[in-house]
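Take a look at the structure below.
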Amino acid sequence: MIKKIMKMAKIYKSKNAMIDAVPVIDRESKMFLQYPVNSNGCCNFTVIDKDKDFFSNIKSTKSNSKFLQEMFIDGTKRKPYLDIEHYYPSEKEFKKDFKRIIPQIVNDIIQVFAKEYDQVIKLSDVLLLNSSGQSSDGYKLSVHVVVSPKNKTFYYTNSKKIENNTAYHLYASLININSEYKDKENFNDKPHGYLDEQVYRKDATLRMIGSCKYPTGDRCLDPIDSKTLEKLDLTDKQKLNYLISYIDDTKPTILLETPIIQQTTISKTKIQHNEPTKTNINNKLLDLVKKYHPSAKQYGSSKEGYYNFNYDNRTEKCPLSGVTHDSNGFYVIEKSSGCFLKCYSKKCHGKSMHLGYVDETDQFVDEAHQINTKYLLQDPLVPKLLEDWINKGKTFAIKSAMGTGKTYLIKHILDKYKLNKVLWITHRQTLTKSLYGSFKDYGFVSYMDTQNCLYQYDKVLVQIDSLMRIKEFDMFENKQLVKKYDLVIIDEIEGCLSHYESPYLNKPDIDSRYIFNFMIDVIRFSNKLIVLDADISIRTQLFIEHIDKITNKGGNYIMINNSYQPITKTFTITNDEGDFDTKLFADIKAKKNICVVSMSAGAVNKIAVELNKMGTKYVSHTSKSNDSLKKNLEDVNNFWKQQQVVMFSPSIISGIDFNEIHFDKMYCIIKSGNKTCDPRSFLQMVGRIRHLGDQNIFCWYQQIPIFIDKTNKIIPKLQSDVYTFDDLLSYYRYYETLRNKKIIKNVVYETVEGDDVISFVNKSVEIDLFDKISLHNEVEQLNKHQDVFLTVLNRLIMRAGNKIDFKLVLKDDKKPIMDKINNREEEINIMIDLDDSKYDIKELSTKQTNNQLTEIEKLFIKKYYFKKKLGIKKEIDKDKLRELMTKYMDKEYFIERYEILFGYKKISDSNDDSKTKEKDRIKRKIIVDFVNILIGKHYNNCLNDSKLKRIIIKDDQYSKALKKIIKESMYFSNEEKYRPLFRKKKGSLKSNPKKEKEIQFYTSTLVRLLREYNIILKVESRKKTNGKSSYLRSLSVDKQIKDVVENKYNHQ
């Protein structure tokens, strides 16, 4: 058959080449086909005329050599269709369920047509193609459904989820009727569903009538009667009805209109409903794998970070080669285009199979316009799409690796389309400085260079923190005025959306939610929007779809996915500090040009000390660096190439594009935990350097999570459970029940549009985009935990097409090269010696706003606000101040926790956003509950510190209280939901409180949580009687913090 087609029509090696070869006006008259050519998933593509002689052209439908698949090109007509799949352990169970489920689904389809489309169809209008049969581990139900009446044709125009008039609507409607049809997220915990969601996407494909499974040639798709379920013998003319993309225009054709709000009901369920997550990436992968290896089990990960699998039933045929293997397992590698299965057998070397998607954004990206080019403007499709966007689109989104010409693309847009009013939103000062250096000749004004209201300027670069400066208040008409911009640009959109989690956005009169919703309204009334990034997550997807919805564009956003991958990098990660330092300084002494990317500012300072001794020319950028360095970032290429060593901390995550061929090698220092950046931001830091002489990046990660296997081999933990959106949403919905108050809410504005300005009036609803993005931000922050960080980092490295390797030791025996220095102690000594009378805080605040502070001035501001936080208004002894700074500097939150827990300050008086305030109230409630149980009191919201000076708890009293805490306390009765409040890793205590040795895990948790709130539970004494030990314990507040707080409030 395939040879016949090759004689009749041109064969294409890529889908896009085939599609582009057919003018849009001609596509409805063609049949688009693909067929596999080898076991690694490669296909050829062809186009033939869509006419009544289709089957006579391809001839016999019984040959096992046929593997044709229909392709439904986006924008062309296709009939309603479904793909039914299910697995059974035996043929008996298959036959029993087959007779039940198929008639049930057919009847539900008839119901959907009546209810959703107001169309009456009969049983005979629902056509069935059966490919069910024996699989390697039981029996598989496989039936394709096509709704194709003889006297008329129903059709949709696409198969994407987020679109009008889509075939996905039938699937969504059916699983709304019966949740049994939907695949469950965890393959192992619940029965598999029946309807396959994977067949609904851009340019979807399905096997056609008579087509067989590749490469075995078995289980051909045969027509069966929808009533008797018996096999049918059809003529070529009758078979045309079973072709999904064959639309007979001689019959009446009816478009099935499907509003977006209806079709997306199911796909958005995860965001709307209070259901905790039931899976993690490992379970999702196992779900995908079991479709091809039903007896598969996961066995950890390889050194390269791949996911290893094996299978029990050795009669299962390898899906790559069609042969059986006696012992070989297989593995899955995750890329940005999805998950691919590969086999360890030499017989399958070089072969792979695309399994599907794990990340929720993968399909969204896959449905974008696909290009593969080193520089965006080199692809002829890009200028064409720009024209389409200018003529009829709102949003232009680009996913493209760093260094692929996104900046030049924006210059091209500004040059060609002469857009007069442009707002460029940033999230980092370094990004703003770099962009200003590149675009100041276009007339842009940087918010960093003016203190005035930005409303008067037509082209503005502004950081989110200062976004409110673009509006002007009309005091005469009592209105706020905002320009209607021709274009809004958000470069590095992921970082921008993540920035809304910053606590610095929350002020007494405004918070991050308000700023975010203001940004959305500005974009809504602008003419055009561009968003760009090297990576796109669910946050950006939600953002793009929301803008599309509120501007009534209905799917008119244009997105480009540039799959071009620059040179592959290999990240070699070690926990051997001595080896890392040895290699680093050996390269510096060899006069190599080195870049050090560090997640720790302290590590940068430590290296700087050694470089000063060596007389090495270097520059380091941290948050504490002199602000004058930021000016040099406007011409970073010229500035950095003058240095032998360049070091930077997370103060430079985005915006810098160093394009010179200068650096020989890169070294990285990785740090996990709450006080540093997330894995995505770390890789953004690495990406600032576009060219490296050596693509092998050596990384030191002291906290790397490991375990020792039976052979004493050190194994990195790459598959820890991660927090998900569903986790956080379910926890917040639970928290809301505690106080009967909404935490996740919606604040929107009623808008009044004028010719050049917009005015806003507040209005409330129930849930909004900010909450969705905020929860995803919080997930990202929680997954910085030491046990989870590497799991996320490994995924991101693999998805980017890079490699990861490990060089681990049990103990670092090497003598340190660098002297031990205490950066914090040195910093405190400098602050102690500063003469406060020589500094004017108002003047320094102005310099801070203008980015003109020196390192010493930054330290004075830090000292000033530390003393203010502790209520120190008068001169204080230097030794006393040093003692306080040593204990509480950068830990001032302990003071505020004390103030709130003991009633000195209200939570409502803090500058946190409303969500954080509600979390603080719940945490306070948990601590109060612990104390009440321990001492037998009934405090409500606050404790009394005067009565917690030193309460003695006898052994019997403590034992009873501990048992009650484990069984009944607010925290331990639902620990899994409260862990994220205290930034603990996902999971719950598995210890058995009935076993004495395991009670210590509950005890340590109790002691630690109380200590975080300045309450000390400790053993005062131990007594042994008749060989049995008893303990006397005490509960008290931290006396030093108590004294600080009392002093602060006594002098107000």
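Note that the numbers count up from 1, one per residue, in the order the chain is shown.
Using N, Cα and C of the backbone, Cβ positions are placed for all residues, glycine too.
Feature annotation from Swiss-Prot assigns domain 'Helicase ATP-binding' to 389-561. Positions annotated as ATP binding site by Swiss-Prot, on the basis of similarity to another entry: Ser400, Ala401, Met402, Gly403, Thr404, Gly405, Lys406, Thr407.
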For Lys406 (ATP binding site), the nonlocal same-chain Cβ neighbours (under 8 Å, six or more residues apart) come out as Leu376, Ile398, Ser400, Asp491, Leu532
So which other residues, same chain and not among Ser400, Ala401, Met402, Gly403, Thr404, Gly405, Lys406, Thr407, have a Cβ within 8 Å of the centroid of the Cβ atoms at the ATP site?
Tyr375, Leu376, Ala534, Asn562
Under 8 Å between C-beta atoms and at least six apart in sequence, can you list the same-chain neighbours of Thr404 (ATP binding site), or say none if there are none?
Thr373, Lys374, Tyr375, Leu376, Asn562, Tyr564, Pro566
Let me check the 10 A CB neighbour count of Gly403 (ATP binding site). How many other CB atoms are there?
20
Long-range same-chain neighbours of Ala401 (ATP binding site), Cβ under 8 Å, sequence gap at least 6?
Ala534, Asn562, Tyr564, Gln565, Pro566, Ala800
Most Cβ neighbours within 10 Å, among the binding-site residues Ser400, Thr407, goes to Ser400
Near Gly405 (ATP binding site), which residues of its chain come within a Cβ-Cβ distance under 8 Å, counting only those 6 or more away in sequence?
Lys374, Tyr375, Leu376, Leu377, Gln378
